[in-house]
Amino acid sequence: MKSKTFLEKNFINVQAYKYNGDLYRQWNGSKIIKNDSQNIILYNFHSRIMEKSGKSWQVSEPSLWIFPKNENYNVNVLLRPEGNYYYINLTSPFIFEDNTIKYIDFDIDIKVYPKKEIEIVDIKEFQKNIKDYGYPPSVRKMVYKQVQNLLMFYEKQTSFFHRDFIDNIVNSLAKNKMLVFQSKKLSNFSQRYFEELRKNTKNEKIFKVYLCGPTVYDEVHIGNMRSVVVVDLIVRAQKYLGKKTLFVHNITDIDDKIIERSIQSKISENKISEKYFREYKKVLKKYRIKSIDKMPKVTDNIDSIVKFINSLDKKGYVIQKDDGFVFDVSKIKNYGKRLSREDKKQVENFYLWKSTTKGVQYNYNGFLGRPGWHSECTLFIDDIFNSQTLDIHAGGIDLTFPHHENENAQYIAKNDVKITKHWLHVGQVMFKNQKMSKSLGNVILAKDFDEDIFKIILINSSVTAPIYITNELIENAKVIINKYKKLYFKFLNLSLSFNFDDNVRYMVRKIADKDFSSFNLKLNEYIKAYNTSLEADKLTIVSSVIHFLNFSFIEQIEKDFRKNKKIYDIWQGFLKQKNYEKADMFRKILIDQGLI
């Protein structure tokens, strides 16, 4: 059958077939709401379903049906105020002809319930149909691999599991009056759906994390990257353990440094900040940081910052001066309690809004200037987390005072609660026996440093302790990476599957708890146990943890695996033939890649 690459009508049909070509179910009248390079997305309400037996019924609740292009699954999402229900079908890639989406169903399905329980179903049916329909090995391998991929999507909350993916579509449906229903059961559906969504954002079960972000006036160095790599590991560990997370990482795009760079270069502040924000996003991609949910910028939120300062003013915490507005720290009980005696000497009121004659000016109650640095983070936390207390507020150890102390003071003033349950002050990165700093000129740009080496260095260090970058430290990290690469290649070579058992979860829990020392101790125990016993279950545990750590080398090994598997098999073949000269040629290819 020849597939068409476009959709002709607003409403289409869907047909599901068995492997022998029998049509077993059809959906009539599904509405197309999106068709782009990645997905076709349908909206089902009052669509009619017909079974092979002749039985038919009408869809009685709204749902989305996502058909990723050239993938071996599709996703049905039942929209419910109490929480969406996912039903994922393992299938052939769909084709489109005669105004109909058509696919072959491969029996196994994955269900994800509103409270995030996950279940794999119809495995027995799949095993039965391997015999009845004669599924070839390629189909069986594809199905098992796709299940692993989908479980990984779920663990990382990516793709259609990401919090914004479905909610953005539902927002669009609501705006287009497509969530208005006559039945009593569905009355006020849109209102109830979004009320529950807001409640869920406030729900204590959400693991709430905020990390102070960079000032985008220059390229970031590895010292800047330490906090975000560490927090990404912690957040992904929480996701792996079943927690719903919200991770916010701000971008400071108003600052004296940006203004000075603008004056020197005669390039606008906006162009400078946009340039280095783009560069920062490239570095985040290189370091495989994917857990960040929101990255608010100061320039996009000036009005909100003004309202936030006004709310502090109404409560009597703001003092007007000739050159701006400051926060009265004397009104905050225990302000500076955690400070050293030396720091306490520096305690003073801090600017919420400062008048300025340089750079772009913004208006606060007739005063032209810009917001103070300490207010932006407080506003973002207050706004995005609905005035709730964070689980973790992270940043470099140098932000402890005054930045974090002043954030907390403002939050207490507005909300009568502390800004966070736990502070995470990540240690500094030292180079040439000094803190890595652009002003000292002793930086290693993040784009020039190997991201896997950096992650190994961080994992093998206490989160709050300083790290001294030396050649010896880098070489030690390379040794560990080479060890992990060999283990991971062997895992793939044996066609093993990832493990999500208590042994793996224990190690992931240590990452979530910021106990990197215990994590390394346990992982090395399993590596030693495997090297001694060569038991597949030990290798599976180790490789599952290595995969969780999300190294770049994993992607490369998986990408080249088919080619290197052939090289490995040829090498083994020559060994059996005792043709050691040719065997060594192929062995060297694998050694050069660090795979054996």
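Even glycines carry a Cβ here, placed using N, Cα and C.
Quantities reported herein were computed from a predicted structural model and do not represent experimental measurements.
Feature annotation from Swiss-Prot assigns Zn(2+) binding site to Cys212, Cys377, His403, Glu407; the stated evidence is similarity to another entry. Close to His403 (Zn(2+) binding site) in the fold, though at least 6 residues off in sequence, lie Cys212, Trp373, His374, Cys377, Gly395, each with a CB less than 8 Å from its CB. For the recorded site, His403 (Zn(2+) binding site), the DSSP three-state label reads helix.
Per Swiss-Prot, ATP binding site is recorded for Lys438. Sequence-distant neighbours of Lys438 (ATP binding site) (same chain, 6+ residues apart, CB-CB distance under 8 A): Asp218, His221.
Under the heading region 'Unknown', Swiss-Prot lists 1-199.
Look at Swiss-Prot and you will find 214-224 tagged as motif ''HIGH' region'. Residues in the motif ''HIGH' region' (214-224) partition by DSSP class (helix H, G, I; strand E, B; coil) as 3 helix, 2 strand, 6 coil.
Feature annotation from Swiss-Prot assigns motif ''KMSKS' region' to 435-439. Helix, strand and coil content of the motif ''KMSKS' region' (435-439), in residues and according to DSSP, is 0 helix, 1 strand, 4 coil.
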Long-range environment of the motif ''KMSKS' region' (435-439) - Cβ separation under 8 angstroms, sequence gap at least 6:
218, 221-223, 398, 428-429, 469
Near Glu407 (Zn(2+) binding site), which residues of its own chain have a C-beta under 8 A away, given they sit six or more steps off in sequence?
His374, Cys377, Thr378, Ile381, His393, Ile419
Cβ neighbours of Cys377 (Zn(2+) binding site) where a neighbour is any other Cβ within 10 Å:
28
Non-site residues, in chain order, whose CB comes within 8 A of the mean position of the CB atoms of Cys212, Cys377, His403, Glu407 at Zn(2+):
Trp373, His374, Glu376, Thr378, His393, Gly395, Leu399, His404, Asn406
Report, as a single number, how many Cβ atoms besides its own are within 10 Å of the Cβ of Cys212 (Zn(2+) binding site).
22
